[in-house]
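Colleague: Could you have a look at this structure, given as structure tokens, before my questions?
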Amino acid sequence: MLVLGIESSCDETGVALYDTERGLLAHHLHTQMAMHAEYGGVVPELASRDHIRRLVPLTEGCLKEAGVPYGGIDAVAFTQGPGLGGALLAGSSYANALALALGKPVIPVHHLEGHLLSPLLADEKPDFPFVALLVSGGHTQIMAVRGIGDYELLGESVDDAAGEAFDKTAKLLGLPYPGGAKLSELAKSGRPDAFIFPRPMIHSDDLQMSFSGLKTAVLTAVEKVRAENGADDIPEQTRNDICRAFQDAVVDVLAAKVKKALLQTGFRTLVVAGGVGANWKLREEFGKLTVCMPSEKGRPKNREEKVDVFFPPMAYCTDNGAMIAFAGAMHLNAGREADAFNVRPRWPLSEIVK
Ligand code: KG4
Ligand code: ZN
């Protein structure tokens, strides 16, 4: 079965073709980043208009690359939410119109489920069950994933998402939108421990997280440096040190909470999904993650165990059509059909959770 996937929830138009027998055949993406950069953030109206412009050429690019005619498509999957209302509607209208014209089913996909399943697009796939850390610009959630469609929310950020904190902190440091990736680049040249920022909620008993206080800590540090230097500009090395300290704080909190989740569930596999999953420090730290598992029958006491960590391939970390086509293909037989072309800008993942 060949599924066309459409992603248009924010500022990336993604289209992909996933074949349940042969895997991913093509995936094309257009990012609106440059268009929004001059406004310092996503302008929803511009985003919707651009999705409309891109959807047909991206689809045709995929079909051409895969050598498949329109008639070869068996179903059209699209991101129904969460995301920007207008942007979602562009994708939904297109997906529904195309499916209607082809006489094929349309499959609504939850954007976060797409992210959650994206590591399954890699050659080396995780086995169920696993703990998933979803870290994007809009969400920071830790879930127990026992199978396709079987997700349990274990904890989440009570305020800013980790990616949002990266972007806001980058803006505060004068970096161009979207600053998360740029901040993490600069952190490479930052000296460890030149600044130390708090690790909010790291010791709380639950799996809840908080990142909004971190940008205040950064702001305080920036103001202090400015006052000391008597200038608005922050020296380059100091800025890089701040980037490093901020990134270290976020990654420390995420690692501590994920460890707790692994202990709580007893799972030994971790999957990281979402844009922040592209972060080098997070990959480095999670790559050496171990947890001290309590004793079990037939196993030695309190042994430190290496965790199997899976990251989606870089191209599928940020928003893309491949993860939507894949999630759609997984649901194809489950008979989840769309409620006309309604979109759900606010759609808690818990509503599709068993
Ligand atoms: O998953 P995604 O593409 O879109 C959402 O659904 O939000 O994630 C985008 C987020 C942005 O906040 C961006 O700053 C962040 O991922 N991001 C990064 C890095 N690359 C992207 N954050 C930290 N380090 C990176 N290398
Ligand atoms: Zn996303």
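Yeah, the Cβs are placed from backbone N, Cα and C, and that goes for glycine too.
Just so you know, TrEMBL annotations are computer predictions that nobody has curated.
Annotated Fe cation binding site per TrEMBL: His111, His115, Asp319, in sequence order. The substrate binding site annotation in TrEMBL covers Leu134, Val135, Ser136, Gly137, Gly138, Asp167, Gly180, Asn279. Look at TrEMBL and you will find 24-326 tagged as domain 'Gcp-like'.
Give me the lay of the land around each of these features.
Modeller: Around the Cβ of Asp319 (Fe cation binding site), the same chain contributes Glu7, Ser9, Cys10, Asp11, Glu12, Gly14, His111, Gly275, each under 8 angstroms and 6 or more positions distant in sequence.
For Asp167 (substrate binding site), the Cβ neighbour count at a 10 Å cut-off comes to 24, with all displayed protein chains included.
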Colleague: Let me know the model's mean pLDDT on the domain 'Gcp-like' (24-326).
Modeller: 93
Colleague: Among the binding-site residues Gly138, Gly180, which residue has its Cβ surrounded by the fewest other Cβ atoms within 10 Å?
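Modeller: Counting other Cβ atoms within 10 Å of each of the binding-site residues Gly138, Gly180, the minimum falls on Gly138.
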Colleague: Which binding-site residues from the set Leu134, Ser136, Gly137, Asp167, Gly180, Asp319 come near ligand 1, judged by a Cβ under 6 Å from any of its atoms?
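Modeller: Cβ under 6 Å from ligand 1: Ser136, Gly137, Asp167, Gly180, Asp319.
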Colleague: Where the criterion is a Cβ under 6 Å from an atom of ligand 2, which of the binding-site residues Ser136, Gly137, Asp319 meet it?
Modeller: Ser136, Asp319
Colleague: Determine the minimum-neighbour residue: among Ser136, Asn279, listed as binding-site residues, which Cβ has the fewest other Cβ atoms within 10 angstroms?
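Modeller: Candidates: the binding-site residues Ser136, Asn279. Fewest Cβ atoms within 10 Å: Ser136.
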Colleague: Run through the Cβ atoms and count how many others sit within 10 Å of the one on His115 (Fe cation binding site).
Modeller: 31
Colleague: Given the Fe cation site residues His111, His115, Asp319, which other residues of that chain have a Cβ within 8 Å of the mean position of their Cβ atoms, reported in sequence order?
Modeller: Glu7, Ser9, Thr79, Leu112, Gly114, Ser136, Gly274, Asn320, Met323, Ile324
